[in-house]
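Here's what TrEMBL has on this protein:
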- 1-146: domain 'C-CAP/cofactor C-like' (DOMAIN)
- Gly65, Ser66, Gln82, Gln83, Phe84, Arg85: GTP binding site (BINDING)
Amino acid sequence: QVDPKDYTFSGLKDETVGRLPGKVAGQQFVIQDCENCSIYIFDHSATITIDDCVNCQIFLGPVKGSVFFRDCKDCKCIVACQQFRTRDCRKLEVFLCCATQPIIESSTGMKFGCFQYYYPELALQFKDAGLSIFNNTWSNIHDFTPGENNWGLLPETAVVQDYVPLPSSEELKAVRISTDATKSIIPITRGRRQKSSDESCLAVFFAGDYTTANARKLIDEMTGKGFQLVQTKEVLMKAEDAHRVFQQSASEFIPLLEKGPVVALEFNGDAAVEACRSTINEVFSGTKVFVSESKASASQDVDNFYNFADMQMGM
């Protein structure tokens, strides 16, 4: 029998509390009426509501459904979820991974950055919550409140640990956390930030045993060379989608679509196409990858793919 009290933090003040990996195991969780607390949910859950919290630091592991903040103010958060919503909130700073477009309503002073966090159990928790580490629309905010400038992006140099420090309690110190951006389970993307170059490149990996590892490897190689990862996406494609996105080379890739979703990466920077093509030839010689052919076709590739993906995701 599930006791809701085991899945609730309510009325706490000046405390550090949390749940270790395996302790929430996909249940719903409620956080309410907490003040000046540090709260850490190091597990996956079904949905989480956070009501009437003030001056709290909150970490939420992967949430299968929605995370809903209501009537909260002056909170700093790290959140991974399917849906993200706020209503009547003031001054929330959120490092976010969200599979769908985040929504804010009647909220002001909201700041968003890209989720960056690591502990050994996190990858499996993302899987258990049905979330892809490549589907993150953290900067694509929909503001329901007309006219006002209610939100912005955190500085690019923002360091997670300055916002949500590592837990200080003995129990929670057992979780082996790294906030080093290069170790983050979620690839750090530029999202809606200004691109540094007018040249982007699209690379698409097809489903297989090493898709995630390959995509991560290419990200490491390209960012190591100074290119920027703009956005990532994991999505199922059909033959007709392939024709629209891959144009002439579609027939080469259509047989690969039946194995599962593709992972697409957009890199930006001068000479990105050339660097991406040569990296793939050197590092992934035996793997079939779609890569933009030239600077001229690349921006069209990126538009074609992400327009298709946005329609798929119903954004």
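Cβ atoms are placed via backbone N, Cα and C, with glycine included.
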Rounding to the nearest whole angstrom, report the longest C-alpha distance spanning Gly65, Ser66, Gln82, Gln83, Phe84, Arg85, listed for GTP.
11
Please report the number of other Cβ atoms within 10 Å of the Cβ of Ser66 (GTP binding site).
17
What's the number of neighbouring CB atoms sitting within 10 A of the CB on Gln82 (GTP binding site)?
19
With DSSP helix as H/G/I and strand as E/B, how many residues of the domain 'C-CAP/cofactor C-like' (1-146) fall in helix, strand and coil?
11 helix, 73 strand, 62 coil
Around the recorded GTP site (Gly65, Ser66, Gln82, Gln83, Phe84, Arg85), other residues with Cβ within 8 Å of the Cβ centre, ordered by sequence, are Thr47, Val63, Val67, Phe68, Cys81, Cys98, Thr100
Cβ-Cβ under 8 Å from Gly65 (GTP binding site), same chain, 6 or more residues apart: which ones?
Ala46, Thr47, Cys81, Gln82, Gln83
Counting across all protein chains shown, how many other Cβ atoms sit within 10 Å of the Cβ of Gln83 (GTP binding site)?
17
Within 10 Å of the Cβ of Arg85 (GTP binding site), how many other Cβ atoms are there?
20
